[in-house]
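Take this structure first; my questions come after.
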Amino acid sequence: MKMLGFFLLTAGTAIVLWSGYTWWQQGSAVTHQPEKVEEAHPEWENTKPQKTLKTNSEDTDSLHFQSGEKVGQLDIPRIGNEYEVFWGTGPEVLKQGVGLHDSKWTVTPNQTGHVVLSGHRDTVFRHLDQVENGDHLYVTFEGVTYDYQVNKTWITDKDDRSVIVKKEEPTLTLTTCYPFDFIGSAPKRYIIQAALVGKDVTAA
């Protein structure tokens, strides 16, 4: 019995330590610097609907990266956060932070189409519900910062196949699990959709 108790205690401690490490790893991919983010994007408070870009003039061939490779950055001034963006959305990638979908329905930001970013609700995207319609989201990719304006938010079932689909116009979608305070595997998904309204080709 003593050996069993010792084993259970050791196993429990290991699980807690591993969970803590995973939480820290994902959290380290987010930087909360409201002043820096707002200074970098002073126009973010202009929430009036802006003219959308129907095509991406920088449209180029698709790029290929290794799974888990850092490929860009997402800035959300409303939350005051900078997020590192990694290639792919598999379980191991999402442990790193925000993942960029790589599929037949999605594209990279330098192409015309549907850009989809996903992250866990209890780490990187735990404040995503603070984002409002009209807010700006900024994705920096390959030296260009793309400015997207939020035009729709909604909650849907986790098995909804109408979210990650092909788009004819430059569109950004953020997805995370919902409810945010749900314990266990959440049954819903929280979706934010935004249209491309500008870009800065001089960004580093």
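Even glycines carry a Cβ here, placed using N, Cα and C.
Heads up, TrEMBL stuff is auto-annotated, nobody curated it.
According to TrEMBL:
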- 34-62: region 'Disordered' (REGION)
- 34-48: compositional bias 'Basic and acidic residues' (COMPBIAS)
- His120: active site, proton donor/acceptor (ACT_SITE)
- Cys177: active site, acyl-thioester intermediate (ACT_SITE)
Sort out the residues at least 6 away from either end of the compositional bias 'Basic and acidic residues' (34-48), same chain, that have Cβ-Cβ distances under 8 Å to it, and list them.
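Distant contacts of the compositional bias 'Basic and acidic residues' (34-48): 75-78, 80-82, 132-136, 138, 147, 149.
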Helix, strand or coil by DSSP: which one applies to the residue listed as 'active site, proton donor/acceptor'?
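Its secondary structure by DSSP: coil.
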Test of understanding: give the count of other CB atoms lying within 10 angstroms of the CB of the residue listed as 'active site, proton donor/acceptor'.
19
